[in-house]
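Student: This is the structure, below, for whatever I ask next.
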Amino acid sequence: MALTLRSSISFINQKEIKVLKTSDDAPASVSFAKIKPSIRLRAKSSMQEAHHTHEEGFNSEVMRKEKWEKVHAPSVAHGNNDSKRVPVYVMLPLDTVTMGGSLNKPRAMNASLMALKSAGVEGVMVDVWWGLVEKDGPLNYNWEAYAELVQMVQMHGLKLQVVMSFHQCGGNVGDSCSIPLPPWVLEEISKNPDLVYTDRSGRRNPEYISLGCDSVPVLRGRTPLQVYADFMRSFRDRFRDYLGSVIVEIQVGMGPCGELRYPSYPEANGTWRFPGIGEFQCYDKYMKASLAAAADAIGKKEWGGGGPHDSGQYNQFPEDTGFFRREGTWNSEYGQFFLEWYSGKLLEHGEKILLSAKGIFKTSGVKLSGKIAGIHWHYKARSHAAELTAGYNNTRNSDGYLPIAKMLAKHGVVFNFTCMEMKDREQPGHANCSPEGLVHQVKMATTTAGAELAGENALERYDSDAYAQVLSTSRSDCHSGLTAFTYLRMNKRLFEGENWRHLVEFVRSMSEGGRRQRLPDSDSHRSDLYVGHIKGTQKKLTQEVALV
């Protein structure tokens, strides 16, 4: 299936047009129609002057790309406001690397990266799946497909954010493919089902290893924390030459979907549906032992038998339960004990993994980040039930995000938060949502803690309203803006018509610190050409990017 970008590139040197030659069977070409040569756009981009260091084997290709970029790159004049610039990254598809360990559709990827570079994005983000890299056995790593991607990203002068994805792909919002944990790990789970999170009814969740066994040698003689550290250390050694230059950020996965949380709202098999409150995930034997020890330590042994008995089921509402209702037991002495233990274990888990990552990457020049889930439903309820079951002790009486922000700030880790594109008025009334209130709270927490804040959109959005909301959130007034934004996600729809124009406008506005809500329709020469794109009413030229 071919994907067509509408483009107004009228001054390309035809001798530089080449078919992108790769081993893929599908054609990938960039073609331009002839138009009147009188229309010119004079724009000098600061990105054109950026110096990219490449391996010697890429020099000739890089020179060709640089010529291309001088024509295509948008004008991003930072002036004295470069400190307010918010770089934009784009997430690559979840299946960028195949189950067979090869780069998926390399010709399409090459053409897509070329297009993203033309839009002025800073770089891309990719999940590095534990289930693919260490699939063939403990300490047996296959990085080759990711090495090919890193070199391709470098060739296009882009940067790369890498996610250490220690979770499975599949069973959550937006999951378009299935990538389970490594087979040898699943084999250990089959022998000992308590290795994964478990709810009150005994339902096991294979998305992520339970934090309860973080320090127990349950994975063929290694603890989960040791396994994660060995994986990151192998990555560092394999990509040492690219760290800090091409690979600029390592996002450390700390739970399901790579987020620091419990899998309290699993969509797999219809277990949970929005806007259910979810369920506590503390019933594997390791978590139960920890809870019992915590209760015994304060002389309340009776509190250590399990989670709250009256916390309801996945798809109930707060007022349906004794624990989460307005005057529920969440606010009792027992409730506070349990919630502090439950959220405390999650924070401790995150800090242990990040300390390990910090030691591994400390001299590499990369930033570390951690992702926190944007659980905005039932935010207006006193108990914030959906946040509590996910492990964030955020209620009317306590700030659940400040301790996380302080922990991340202590280790110099970026606080990455989602749902930046959402507005309260877009949400169903019965769900008691407030994504805007939640984002505001997180911005205040990171400001207080001195943590850097980066953002993502939670759902695929292509409309100008969603972009405008991100722009509003990104403003750096009072030092609470975004340090970066990662757009979810690259696919064929992103490159279509108005969707592509909206992205280009958004990137330009973010380069100005989010101060401009919308770009003008024409350049300084009134030519209707703007950052390489034209209005839909004008005669369109086509730039073919083959995405099969």
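Each Cβ is built from the backbone N, Cα and C atoms, and glycine gets one as well.
Curation does not apply to TrEMBL; its annotations are automatic.
Checked TrEMBL, it gives:
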| type | residues | note |
| --- | --- | --- |
| ACT_SITE | Glu259 | active site, proton donor |
| ACT_SITE | Glu456 | active site, proton acceptor |
| BINDING | Asp127, His167, Asp175, Lys371, His376, Thr418, Asn457, Ala458, Arg489 | substrate binding site |
Student: Including all protein chains shown, what's the count of other C-beta atoms within 10 A of the C-beta of His376 (substrate binding site)?
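Tutor: If we count other Cβ atoms within 10 Å of His376 (substrate binding site), we arrive at 26.
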Student: Report the same-chain neighbours of Glu259 (active site, proton donor): residues 6+ apart in sequence with Cβ closer than 8 Å to its Cβ, ordered by sequence.
Tutor: Lys371, Ile372, Ala373
Student: Work through the binding-site residues one by one (Asp127, His376, Arg489) and name whichever has its CA nearest to the CA of the residue listed as 'active site, proton acceptor'.
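Tutor: When the Cα distances are compared, Arg489 comes out closest.
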Student: Relative to the Cβ position of Arg489 (substrate binding site), how many further Cβ atoms are located within 10 Å?
Tutor: 19
Student: Cβ-Cβ under 8 Å from Asp127 (substrate binding site), same chain, 6 or more residues apart: which ones?
Tutor: Leu92, Leu94, Thr96, Val163, Ser165, Cys169, Gly258
Student: Around Asn457 (substrate binding site), how many other C-beta atoms are within 10 angstroms of its C-beta?
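Tutor: Total other Cβ atoms inside 10 Å, all chains included: 22.
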Student: Suppose we draw a 10 Å sphere around the Cβ of Glu456 (active site, proton acceptor). How many other Cβ atoms does it contain, all chains included?
Tutor: 23
